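Note sheet for the following structure.
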Amino acid sequence: MQQYLDLLAHVMEKGSDRGDRTGTGTRSVFGYQMRFDLGEGFPVLTTKKLHLRSIVHELLWFLKGETNIRYLKENGVSIWDEWADENGDLGPVYGAQWRSWPAPDGGHIDQIANLVKGIVNNPNSRRHIVSAWNPAEVDQMALPPCHCLFQFYVADGKLSCQLYQRSADVFLGVPFNIASYALLTMMVAQVTGLKGGDFVHTLGDAHLYHNHFDQAKLQLTRRPKPLPFMRINPEVKDIFGFTFDDFELIGYEADASIKAPIAV
């Protein structure tokens with residue numbers, strides 16, 4: 001994906017060196033946007049191999065509304081381990097906000113169910129929005145949401161999604177986020193009877209950690225390969241009915257993975 005390599009090069013060449021919460025140091029830019037046409041293939045990096053299993057299981061975990069890493073651990077996914085407490089809990093992170101946002105009357109709002117219903121019943125609405133940024137609960141979260149708000153848009157029988165990501169770890173996080181929200185868009189499109197349109201990724205603080213520079217330079221020497229295609233089980237018509245086996249990535253060829261430390 002040339003769009004991602006362009007982002008990587010832009011941050012390396014134009015970014016400002018700044019301190020950060022982790023003490024690692026970053027080079028960052030503020031405000032950057034990428035667009036991916038889902039009709040051209042599934043936007044997963046080919047200049048380094050990604051662990052698709054982690055991406056799919058994390059998304060299913062979000063959609064379950066869960067905030068304990070037990071499900072992830074049972075399925076061989078360790079990407080949230082560093083932030084969980086001794087019981088595996090993370091506080092009211094993504095799943096809680098997506099599926100169980102606290103309402104003033106003591107009840108809860110299922111933003112995902114409302115989203116799907118809204119797309120079906122009023123596709124032209126400009127209110128197809130899900131937010132994970134809850135100011136009343138952000139201090140209770142092990143890690144405040146980085147990808148914090150997304151909006152869907154219907155036109156010409158296609159469903160597009162725009163994500164706003166306040167904090168974007170360009171080397172480790174962003175490739176996962178692109179694939180995750182592209183997949184979510186395809187899933188929502190299927191259950192609402194639409195085709196996949198564009199995934200638009202808008203970044204706030206887009207940063208490369210200083211200890212990722214060598215890895216970024218290596219990746220920039222590689223050339224993108226043709227995108228694979230994601231096959232989704234067409235029998236699934238409920239957004240909460242998907243399982244891992246409903247997804248098959250066809251034709252994925254990628255260069256070797258590039259290891260890099262996580263800044264916690």
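Each residue, glycine too, has its Cβ placed from N, Cα and C.
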Out of Arg21, Arg35, Swiss-Prot lists as part of the dUMP site with Arg126, Arg127, Arg166, Ser167, Ala168, Asp169, Asn177, His207, Leu208, Tyr209 the residue Arg21
Would you pick out, from the recorded positions His51, Cys146, Asp169, His207, Tyr209, the residue whose Cβ has the largest number of other Cβ atoms within 10 Å?
His207
Between Ser167 (dUMP binding site) and Cys146 (active site, nucleophile): CA-CA distance (Å)
5
State the Cα to Cα distance, in Å, between Tyr209 (dUMP binding site) and Ala263 ((6R)-5,10-methylene-5,6,7,8-tetrahydrofolate binding site), rounded to an integer.
8
Tell me the coarse DSSP state (helix, strand, coil) of Arg21 (dUMP binding site).
coil
